[in-house]
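Before any comments, here is the structure.
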Amino acid sequence: MKIGILSQFPELYSTRRLVAACESRGHEAVVINTLNCYMNINSIKPSIHYQGQELTGFDAIIPRIHASVTFYGCAVVRQFEMMGVFAANDSISIARSRDKLRALQLLSRKGIGMPVTGFANKPNDIPDLINMVGGAPLVIKLLEGTQGIGVVLAETKTAAESVIEAFLGLKANIMVQEYIKESNGSDIRCFVVGDKVVASMKRQGPEGDFRSNLHLGGCGEKVKITPEERKMAVAAVKAMGLVVAGVDILRSNRGPLILEVNSAPGIEGIEQTTGISVTEPIVEYIEKMVLARKSNRAVIA
């Protein structure tokens with residue numbers, strides 16, 4: 001097969017590991033900078049062009065769309081889909097998961113546990129918003145933030161009111177969440193491919209920081225997840241419509257709670273922490289799906 005890896009960063013560990021996994025299974029891997037793609041959108045033969053050449057002959061793509069280019073990245077993935085190319089994560093699911101509020105609403109609809117979350121637009125609703133999530137301490141998140149950036153822990157009601165008011169004054173979209181104190185600055189990252197959790201690790205934030213992101217200095221360690229956590233992680237990915245995703249889970253006194261579903265999860269941290277390859281299952285899943293599509297076409301023909 002010819003597999004395209006949509007990534008702006010060919011030198012990244014994640015990109016290199018995906019290339020290696022494709023090649024080790026006998027496939028041709030092509031790294032494509034998403035932002036360098038341009039499209040011919042028409043009703044007869046839609047196409048994608050790259051560095052002056054039309055991109056043809058691809059069986060599948062693995063989107064690694066950075067949050068900062070979600071709109072353009074999803075357009076490129078959608079164009080590949082229009083050309084009949086299988087996408088490991090499709091454009092609709094990527095866009096769905098990138099909208100943090102929409103993602104939580106989808107989880108809510110499926111009855112999947114999550115921290116109590118509030119969303120408002122008017123400053124005069126702030127006191128009720130704070131009470132809605134159980135009061136201070138609470139977590140305030142920019143909807144556009146990634147990798148722990150734009151996440152604030154407000155220890156008191158006064159601090160919470162000040163931060164929320166400041167964000168709203170800047171016309172920033174924010175959500176307010178209950179603070180799960182018992183998680184103690186840690187979470188569980190589950191790496192899901194299809195309907196399986198292929199690897200999981202516990203991430204612990206640095207001393208004095210409630211955020212556990214490895215990019216912010218957190219550390220990871222192997223962890224054994226419970227059957228409930230495993231089932232919840234897979235259900236959360238399915239709720240988004242994704243195939244490959246990282247699911248962040250908080251362990252609370254009322255059971256596991258989904259914090260976030262990431263459509264382009266980091267690979268380096270979880271592979272080096274667990275010693276498990278998460279890239280091979282991705283390629284194996286693509287092989288299965290592309291073969292099934294070809295078989296269906298043959299039957300129809």
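Here, residue 1 is simply the first one shown, and the rest follow in order.
Backbone N, Cα and C atoms are what each Cβ position is placed from, and that goes for glycine too.
What Swiss-Prot says about this one:
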type	residues	note
BINDING	Asp248, Glu260	Mg(2+) 1 binding site
BINDING	Glu260, Asn262	Mg(2+) 2 binding site
BINDING	Glu260, Asn262	Mn(2+) 2 binding site
DOMAIN	104-287	domain 'ATP-grasp'
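Cβ contacts within 10 Å of Glu260 (Mg(2+) 1 binding site), excluding its own Cβ and spanning all protein chains shown: 21. Here the Cα atom of Asn262 (Mg(2+) 2 binding site) is found 8 Å from that of Asp248 (Mg(2+) 1 binding site).
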